[in-house]
Amino acid sequence: MVNVHASGGARMMTAAREALLPFGKDAPLLIAVTVLTSMEASDLQDLGITLSPADHAAKLAALTQRCGLDGVVCSAQEAVRFKQELGQAFKLVTPGIRPQGSDAGDQRRIMTPEQAQAAGVDYMVIGRPVTQSADPAATLRGINASLNKGV
């Protein structure tokens, strides 16, 4: 998986896609970062962006898809909307995933792993709740167990 920033625009994303063409079917997924999950509306306003984080992310995700990329990094809170608007094949990588009872840290737009799974995300990024746990392996086993309850 390779990622670029959607804010880099269509030319940059298209160039990134073209750079992976020589890899053919072995090319890694190419995804674009939309709005960081640590950002909220006031952060976007500081950048001169008047859209809500969800609406700005949707605008960037649509541009990403038009450029032929495989998916986006976005908040899990946007997953249902993006799957409906951009299709099930468009991959969603979602940071800001926090198990129940975990500290949100610097993340603003978060979901639990179970909520993210129900929303249809393809890849969850669960960093500090695992890496900063007293027992990372046990924490990860607990997360996996919670996600496999309905399987």
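Quick reminder: no glycine exception, Cβ is built from N, Cα and C everywhere.
As the structure is a computational prediction, the values presented were derived from the model and not from experiment.
The Cβ of GLY127 (substrate binding site) has 13 other Cβ atoms within 10 Å, all protein chains considered. Under DSSP, GLY127 (substrate binding site) is assigned to coil, being neither helix nor strand in the three-state scheme. Sequence annotations record features per position, and here TrEMBL assigns substrate binding site to THR37, ARG98, GLN107, GLY127, ARG128.
Summarising the annotation, TrEMBL assigns domain 'Orotidine 5'-phosphate decarboxylase' to 1-143.
Here the Cβ of ARG128 (substrate binding site) has 14 other Cβ atoms within 10 Å, regardless of which shown protein chain they belong to. Across the domain 'Orotidine 5'-phosphate decarboxylase' (1-143), the DSSP tally of helix, strand and coil residues reads 70 helix, 19 strand, 54 coil. On the 0 to 100 pLDDT scale, the domain 'Orotidine 5'-phosphate decarboxylase' (1-143) averages 91 in the predicted structure.
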